[in-house]
Amino acid sequence: MIVKHGMNYLTVLNSARNHKLAPPLAVLRRQQFLIRVLGVRGENRMQGSKFEADSDNILRAITPVFDPNRHKGQAGKVAVIGGCREYTGAPYFAAISALKIGADLSHVFCTKDAAPVIKSYSPELIVHPVLEESYSVGDRDKDHITRRVVAEVDKWMERFDCLVVGPGLGRDPFLLDCVSEIIKQARQSNVPIIIDGDGLFLVTNNIGLVSGYPLAILTPNVNEYKRLVQKVLNCEVNDQDAHGQLMSLAKQIGGVTILRKGKCDLISDGEIVKSVSKHGSPRRCGGQGDILSGSVAVFLSWARQLILADEGNLIISPTNPTMLGCIAGSALLRKAASLAFEDRKRSTLTTDIIECLGRSLEDICPAC
């Protein structure tokens, strides 16, 4: 029996019965999976080619070469705002991913409860236990503590090349109020901001925090994107015009960049739309979005450095650093996830993907 592209599960099953092969159900499931994957790849080639980003060349262009004259910090200083009692893994994944790709320093600003746990994961991270949750703050102290928390973060702000807001943040009302003020301070300091996880919950309910800020990136998954579309465009998600709707959404929020995560990642700054459809991993373990946010932070920092240092000779497209950061981060994560799945299959975890980040970047852009 020959399994052809386009055959569905029942066709395969009936063909097997007619040939009296009766293959095991597990075999049929594998065949069905292969057919589905081939179909998705073919669809991506046909529909995504017009918008597909030249991700490998973008990665090569914005990844800095090693220079003995550079000093600590010049390859990127990233800060993650997140981490509470319930969630300590997400901020770690984002922060350590930034280091694994090549950032020099990675900070985490989290609650006091989360700090010892995150510190125990890695000595490489600089952990600041400064955030507070409602249970530890009295009503009379809220204003004072808010000012103190914001001041603790703000004194570091000018050192950062990018802020990642949301991984493991949680939805505590007082904590979210403090983070709202931190976002405002970042905007005043002209620091790029990547909004992910519960940061998207915060921003969706207060679009003004990022509206009109061209250095803001939103990285919604399918449910987060649905809520954004409903809130901003007052309609439902239209997959028949996914590119046009994404561009309208980014434009409506004032030119922020949106990376819509999915089978094919779509990215728009309100002016253009690009896609990244490299094959990743069928294993959907939690934490991959955190890797993405940390990765985008590094590449956005590098892209800004490149554009600021360049004197009109940049030959890559697009030239918006937020778009470049999103394209590079998306492509690298997909390659790393694919490599990890080749080795680990069903047991693939986020930590396995993180360990493949360096190798994936080296394959595309050798260090030496």
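For all residues, glycine too, the Cβ spot is worked out from N, Cα and C.
Annotated features in TrEMBL:
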type	residues	note
BINDING	Gly168, Asn221, Val222, Asn223, Glu224, Tyr225, Lys226, Arg227, Asp290	(6S)-NADPHX binding site
BINDING	261-265, 280-289	ATP binding site
DOMAIN	55-364	domain 'YjeF C-terminal'
* Asked: Since the record lists Val222, Cys285 as binding-site residues, which of them has the fewest other Cβ atoms within 10 Å of its Cβ?
  -> Val222
* **Per-region confidence, the domain 'YjeF C-terminal' (55-364) (mean pLDDT, whole number)** => 95
* To do: Looking only at C-alpha atoms, tell me how far Lys226 ((6S)-NADPHX binding site) is from Ser281 (ATP binding site), rounded to the nearest Å.
  => 23
* Would you measure the largest Cα separation among Gly168, Asn221, Val222, Asn223, Glu224, Tyr225, Lys226, Arg227, Asp290 for the (6S)-NADPHX site and round it to whole Å? => 21
* Asked: What residue among the binding-site residues Gly168, Gly287, Gly289 has the most other CB atoms lying within 10 A of its CB?
  -> Gly168
* Cα-nearest neighbour of Gly168 ((6S)-NADPHX binding site) within the listed binding-site residues, Lys261, Ser281, Arg283, Cys285, Gly287 -> Gly287
* Structure fact -> Closest by Cα to Lys261 (ATP binding site), out of the binding-site residues Val222, Glu224, Asp290, is Val222
* To do: Round to the nearest Å and give the CA-to-CA distance linking Asp265 (ATP binding site) with Val222 ((6S)-NADPHX binding site).
  => 11
* What is the number of other Cβ atoms found within 10 Å of the Cβ of Arg283 (ATP binding site)? -> 18
* Structure fact -> One finds that other Cβ atoms within 10 Å of the Cβ of Lys226 ((6S)-NADPHX binding site) number exactly 13
* Asked: Of all the binding-site residues here, Glu224, Asp265, Asp290, which one's CB has the most other CB atoms within 10 A?
  -> Asp290
